[in-house]
Every structure is written in structure tokens, then in C-alpha cells.
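Below is one structure, written out as C-alpha cells; comments come after it.
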Amino acid sequence: MSFNTLIDWNSCSPEQQRALLTRPAISASDSITRTVSDILDNVKTRGDDALREYSAKFDKTEVTALRVTPEEIAAAGARLSDELKQAMTAAVKNIETFHSAQTLPPVDVETQPGVRCQQVTRPVSSVGLYIPGGSAPLFSTVLMLATPARIAGCQKVVLCSPPPIADEILYAAQLCGVQEIFNVGGAQAIAALAFGSESVPKVDKIFGPGNAFVTEAKRQVSQRLDGAAIDMPAGPSEVLVIADSGATPDFVASDLLSQAEHGPDSQVILLTPDADIARKVAEAVERQLAELPRADTARQALSASRLIVTKDLAQCVAISNQYGPEHLIIQTRNARDLVDAITSAGSVFLGDWSPESAGDYASGTNHVLPTYGYTATCSSLGLADFQKRMTVQELSKAGFSALASTIETLAAAERLTAHKNAVTLRVNALKEQA
């Protein structure tokens, strides 16, 4: 189906409607699963030697020193323009402001007299950040991951990226307080972070995007007892735009294309009650597409994308909630009024002047977001992902005495005798003291 084909939602059967919102398949092939499993086991067994072999095989790079030196990082920064460094600093300032505001206040309450309950927050001790390489290094992801890690107070923050690591990535890592950087990419980097090697430290939790092999490696290590936790399930990028008759077609088209250029498996959807706007957006997409260096990639993504005409904006919101997009852009005259009705989205962009690019780089929100429908149960990345919450309780003698019979009754009902005894013994001890 061509992206300039308008689809009348209300003329479609329920089966057709479900098909329109179906995402491209992303399940890992058996060969990827087996290859990744072998890589994980090899890195765990052979450490740095395996990492160097995989760099030569996959990255076509002979790596002598896996760890990047401070001198190399300084040299990378010197090669960058002041304009870019200033832009990174400005972005980090906004990211810091937004994520610092997410700090949870401690909870300290008496649930009843003499029964004190608390919730306290602690940082994840060590985290590993994975940043893909390639022709367009995602240094902005360094800002999005390393900044909240620093605010959270993570004691060890390390980064892996395929060699040779781009200057922008090295500078961004230094700017955000990353302590160690390693010339390691792919599934082997995930293995090194999960299990540790002679050079790369083992971490508690791994963050960051990647290709099918990286995604599968993260999935596998998260399910191994000797592995590591991960940030969230990953899938292709996606955007859904809700537009009304007052939307600017060129703006809408540019937002759709900014997502489509990410990769051929990205998906973009336009929902609008105005067929004329849909037609104008399709025309604007074609005009802008002709000027994009990554036009071939974007065109492939558009083949799985949709222009859908609805009855009204309320129906647009209902369809969006059903789909649960990673990015939701609302270009309507009442954009703010629609927010309360949105139930599933990774990040929402309101009005004509809030392009997705703002959140991708510098507004302050995090651009690491749940995709592939995981917005139904997962949140956008934030400070809490680099922290853990712990509860504390303390009962005075009087508080314990008042609660004892309740605990004994509940424990007896569950036939957990030792639980009941732990209370009864203390009750008897208090009676003896009286």
C-alpha cells in the first residue's frame, strides 16, 4: 500500500482495522538467537581475547587497547567545533533540569500508632551504556543515558561502542561524567557488560539501543542468572501524528519523515478527520523526501506506514491509544485539551512548535522510549530506571502489640505456622516482661 493512499477508518472491517495497526515483525530468527548465544558464552569464557576477535570479524578493526585513554578523549573533543560542543552543553542543561525534577521524596509514615513505614531510594550501583556506531553516531543517546545515571548517583558508569568510536560520542561521554569507555560493539559488548572481562567491568544494568543482534543479546542476558538487567524491550522507531484542519502539512510531513529516516522498519501513521489535510501531507512528504540524503531508507519505512481518515478527533485519540505509539505528535488547535484522554504513548508532543526532534535532542525529556506497543505497560526512560526503591519498617513494642493478633490471624489462615510463631513468641515475651 502506498503512503499516499488515504484510508477511511470507518469503511474498514474490524479485521482490516487491526491489520492497519499491525507493526512490522521483529522477532529474532533462529540463526540470530543461536549466534548471539554463542557470542555470549564465548565472551564469558575467553574475555578480552574473544572481544578482539569479534572486533576484527564484525567491525573490521584490530583493537589493541579496549579501553579508550583520557588522551584520546581529549583529542576527540579538540577536533569538534565549538558550536557543536555548546549545543551539547545546552541540551545537557535541559536534560538535567527535567530529570533532577524526577527525584522522589522519601516516604515516612505511621500506618498506625507505633508502626513506622518508609520508602527510600538508592542508585543502581553500576550501569553500562551501549551506543551504536555506524555512519550516523547517536551521541545524543549518550546525553540521554549518562545524564540521569549521574543524577541518580550510580557509582560506576561505563560505555561501549563499536570501534572506531566517533569523536562526538567520546566528547558526550566525557561531558556527562562517564568514567570508562571501551572499543567494543555488537552482541559482544552486551556480553562484556553482563559478564565482565579482563578489561570491561561487569555491570548491574545495561542501557541503550542497537541492531537485531544487540537487542537479542540484551534479551538473553536479562534472562540469565549470571547476566544483567536491561532498560526495556526494544523495537523499531515509530511516530503517530494526530492533525486537524488547522495543521501545517509541511510540519506534519517533516515529523513523519524524521521518524521514517531512522530505518526501513520504522513506522509512521497519520490520523486526521480531514481528508484534505491527509492529501496535502502526502504531497508534502513526496516533496521533502526528494531532498533527503536518507530518502531510500525513509521510502522503505513509508511502505508500512498509513494515512488514516477518521470521523473526528475523539476517534483519532481512541485509535492512538489502541496503537500506543513511541512518539505521539498532536498538531491540533486544542492539543493540550486532548492530553487527559491519552493513555498509551512513550512521549507526547503538543502543537505546531513541538517537533519530535525537540525531544530527541534538547527539550529535556528522554528520547529512550518504549516501542512496539510496550507503551501499554512501560514508561519512557527516566531517573527511576537508574534507581531502586527500598522499604523500611520499625515497630515499637506498643505498635507490635496492637498489630500482633492481626498478623497471627492472617498467618494462620495461610497455614504458615512459622510466620505465626514469630509473632506469638514475641507476644509471650512481652507478657513475661509485664
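Even glycines carry a Cβ here, placed using N, Cα and C.
What Swiss-Prot records for this protein:
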type     : residues                                 : note
ACT_SITE : E326                                     : active site, proton acceptor
ACT_SITE : H327                                     : active site, proton acceptor
BINDING  : Y130, Q188, N211                         : NAD(+) binding site
BINDING  : S237, Q259, H262, H327, D360, E414, H419 : substrate binding site
BINDING  : Q259, H262, D360, H419                   : Zn(2+) binding site
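Cα-Cα distances to S237 (substrate binding site) place H327 within 10 Å, out of the recorded positions Y130, Q188, N211, H327. Q259 (substrate binding site) has a Cβ environment of 28 other Cβ atoms inside 10 Å. All protein chains included, E326 (active site, proton acceptor) registers 26 other Cβ atoms within 10 Å of its own Cβ. A C-beta separation below 8 Å, combined with a sequence spacing of at least six in one chain, links H419 (substrate binding site) to I407, A411. The shortest Cα-Cα distance between Y130 (NAD(+) binding site) and any of the recorded positions Q259, H262, E326, H327, E414 is the one to H262. In terms of C-alpha distance, the listed recorded positions H262, H327, D360 place H262 closest to N211 (NAD(+) binding site). Comparing C-alpha positions, E414 (substrate binding site) sits nearest to E326 among the recorded positions Q188, E326, H327. The Cβ of N211 has fewer other Cβ atoms within 10 Å than any other of the binding-site residues Q188, N211, S237.
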